[in-house]
Ligand SMILES: Nc1ncnc2c1ncn2[C@@H]1O[C@H](COP(=O)(O)OP(=O)(O)OP(=O)(O)O)[C@@H](O)[C@H]1O
Ligand SMILES: [Mg+2]
């Protein structure tokens, strides 16, 4: 199993009630999974835990066979660098770097820079004209395409995406999502996608729903 | 409505207490250093004014003899002829270790003096003053010493303390003064009183040998010390500017962060005019608060520094300044006005931007950087223009003002050039960077530059000032030490209690040492080109020691031979520069005594003009030349024995004998004390610059998270990022420090070759002190490291969920 979440609980500091009260799920390599749920149900929280971005209180998560609970800051950072890639709703890009530098950033950080692959991604995502620009000079849809390109350029085993098209209008959203799913399938990356859209969720291999702090 | 809007605006500060504290601290620091300098200046000026009012009677014309004192009989004769005159006898007098000035006047005829006015209410005072013992007036601390010291003196005078008498001066009746100074039947000058009877024979006929000199408009001390105060003021202004950098940064950020609120308030129907007015009022209220705190701090700083400044002024210019500080309303007013005006200037830009804020969303950091890049080209041009203007000013404007214009142009121009220069260096660094994190680091620094550029400018100015002033002081010290070695020719110096004892000592010493070099001098008021100057003329006997050691800067051929033959004169550098004369010109010391100038010698730490002639010529042209001090040449090993023998034989006090090493140590101690103030101000400005970096890093904090969060998410740890944060600050400080070095050296050159010549009358060779640069470099890094430590710690401790918020919250 690529990702195994087992009875995980999480309560934010200062909060009275837990966000997650025993969540379990698994994700195999190359599989795609959609997670839906009401606003505030804890989707983002769960995704962050799976990406070794934050700590959980109980249960265990295995990523590529590694238990996350025992890892320190450096261990988790190393895991993020080499095993997972992230696409969030906004502010994914590093503002002081150009599009080209952003695209290559994660791959170089992971020690897997692959010029040809990056060039192909750039082409496929329609970013060839924009490589010298800075993130601020891009539209929201363009920014999200760069973020997706940067994530896949690193050839991660798992792509975590949290409403990557949440800030875009309907047309742009569909176009970006189509591209992402296509490229994910092509590269054989596993996808854990948080979304509000039932239509998109239906297009993925599996679809889970989060409510009351549990997967239903 | 107004109240509601004000509450809304104010809520920003409640939510950002650190920002508020930073703003107030910046204001307080700026005001503190500025007003401290002002307080010191005001105190010194008040002292000069007191001195001038007390002893100068400066406005009155006076009658003097060109070559020395005037016999009392001449005064009596002129009075008989009907002239309304008032005699003055002045001289220096030793009290134990201290050298005091005694001024004797004739209380009944002398123009009213504040010190005497106070006595008028005391019926016993006047009789006491004219009575046999007499009455001495002195500043309180001196009065106490006098009373103790004079305790044993037969027929001793009464001593009274008076606040009105300048420090170091003893004011008394002319008869008492004559007794104290051992100069009976002599006076130094006569004041010509304003109301004279009609039909008097003209003074030129009655006393053709006496010179009538016009009254001086301002006091000499004030003119001499003006440059020193200008120097201090420049320092104060620099600190003030550095403080304003902080204010500018914080106010700008606060307004940036309140854009949304301002937009909402406008949407709710608040006119922009009213809003701008409210924000202005808010900023001014803060300025008032910060200014008041700053005044309190400034008072403390001034009180701490004033004793050293007073020592400087006394040591360097002989200017009488007391060490105590009084609180003046004018000072409070001007300090607050400065705080308000400064804050207004620093906030105008932010206010203006807020007033014409576009309705579009706030531009992000990169756009800010782009705009800044365009602005930086303009800024670079402005910087070059300012430097050129400074150089032009030096060339066009004579004197000290031109010199300071040069300094101002150099410093401001260089500060404006700093961000473009740093940007170029960072681009270079980025191009040569290997590794993805390094590339990001360089790019990131470049993007941050507009945000902390101002703070780095402050650092640049502080470092350059440090290097410049430090180089000047140390160059001066080095030259001064070398000069002391040359100038202090004799192994032992002895001072007799009076002329008779002096002659006896000289006779007794003659067979016992290699040479006795009398140190005798008289003040002259020369004519010709040097008219209006006071020149202390020293007579020297012909001895090899002088020829071998005397620190001559310029000489004419056969200089020593001609001087010793009484055919020429040496003058000191101050006199040469002030009057614009040198070898080849001549100096008219008295109507019947004109000598060609054979050389110029360096003479540091002395405010007045000096000349050296052969002893026989001095004695021929001046009567009553004191003969009490001697320099003795003898093998160094014999000094202690001889000193002891002298003490025994003539019953001399310990202070009357001083050996070469002790004298040198004394002189250097005075020198070092002189520059304590500069050192303190140097360190303070550096501290303020460090604080400016801290505040700009803290205020940039909220803009910083969106920059850092993606890098963290992609696999860097918070501790790595925190370390990079410190490294970034260190690197920027290091680059700034490297650029500050040439600027500082340029500043040092300007101080040594331009300002010093104008202010003190001497030029100094510049020496370099690389170890000091290293120390300063380390200090700059320490300041930058400390400034970055707080934000870095905050980053290190930041919960991941806070970093993750960046990606989710619509901001
Ligand atoms: N840093 C935090 N501190 C305290 N509570 C938090 C924090 N982050 C999230 N929460 C709370 O945890 C709950 C779950 O948040 P989460 O962001 O996971 O929801 P979500 O399902 O992603 O919602 P949305 O669909 O709106 O993005 C919410 O009630 C939220 O208020
Ligand atoms: Mg969410």
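Glycine too: its Cβ is placed from the backbone N, Cα and C atoms.
Taken from TrEMBL, the feature transmembrane segment covers B:232-255 (among others). Tertiary neighbourhood of the transmembrane segment (B:232-255): same-chain residues 12-13, 16, 19, 22-23, 25-27, 29-31, 33-34, 36-38, 40-41, 279, 283, 309, 338, 342-343, 345-347, 349-351, 353-354, 404, 407-408, 411, 454-455, 457-458, 461-462, 465, 677-678, 681, 684-685, 688-689, 691-692, 695-696, 699-700, selected by CB-CB distance under 8 Å and a gap of 6+ residues from either end.
For B:234-359 (among others), the entry in TrEMBL reads domain 'ABC3 transporter permease C-terminal'. Taking DSSP states H, G and I as helix and E and B as strand, the domain 'ABC3 transporter permease C-terminal' (B:234-359) has 106 helix, 0 strand, 20 coil.
Look at TrEMBL and you will find B:275-306 (among others) tagged as transmembrane segment. Beyond the transmembrane segment (B:275-306), the same-chain residues lying 6 or more positions past its ends with a Cβ under 8 Å from any Cβ of the stretch are 2, 5-6, 9-10, 20, 23-40, 43, 251, 255, 262, 265-266, 323-325, 327, 332, 335-336, 338-340, 342-344, 347, 351, 354-355, 677, 680-681, 684.
Within its own chain, the transmembrane segment (B:330-352) is flanked in space by residues 27, 30-31, 34-35, 38-39, 42, 240, 243-244, 247-248, 251-252, 254-256, 276, 279-280, 283-284, 286-288, 290-292, 294-295, 298, which lie at least six positions past its ends and keep a Cβ under 8 Å from the stretch. Look at TrEMBL and you will find B:330-352 (among others) tagged as transmembrane segment.
The transmembrane segment annotation in TrEMBL covers B:378-397 (among others). If one looks beyond the transmembrane segment (B:378-397) by at least 6 residues along the same chain, the residues whose Cβ comes under 8 Å of a Cβ in the stretch are 403, 405-410, 412-417, 419-420, 754.
According to TrEMBL, the transmembrane segment annotation covers B:403-428 (among others).
Here TrEMBL flags B:449-469 (among others) as transmembrane segment. Long-range contacts of the transmembrane segment (B:449-469) within its own chain (CB-CB distance under 8 A, at least 6 residues past either end) are made by residues 235, 238, 241-242, 245-246, 248-249, 368-369, 372, 411, 414-416, 418-419, 422-423, 426, 678, 682, 685-686, 688-690, 692-693, 695-697, 700, 703, 732-733, 736-737, 739-741, 743-748, 750-751, 772-773, 776, 780, 783-784.
A mean pLDDT of 86 is what the model gives for the domain 'MacB-like periplasmic core' (B:454-619). Under the heading domain 'MacB-like periplasmic core', TrEMBL lists B:454-619.
The feature transmembrane segment is assigned by TrEMBL to B:675-701 (among others).
Residues or ranges marked as domain 'ABC3 transporter permease C-terminal' in TrEMBL: B:682-800 (among others).
Sequence annotations record features per position, and here TrEMBL assigns transmembrane segment to B:730-753 (among others). Through the fold, the transmembrane segment (B:730-753) approaches residues 403, 406-407, 410-411, 414, 418, 421-422, 425, 445, 452, 456, 459-460, 463-472, 475, 693, 763-766, 768, 773, 776-777, 780-781, 783-785, 788 of its own chain, all at least 6 residues removed from its boundaries and within a Cβ separation under 8 Å.
TrEMBL lists B:773-792 (among others) with the feature transmembrane segment.
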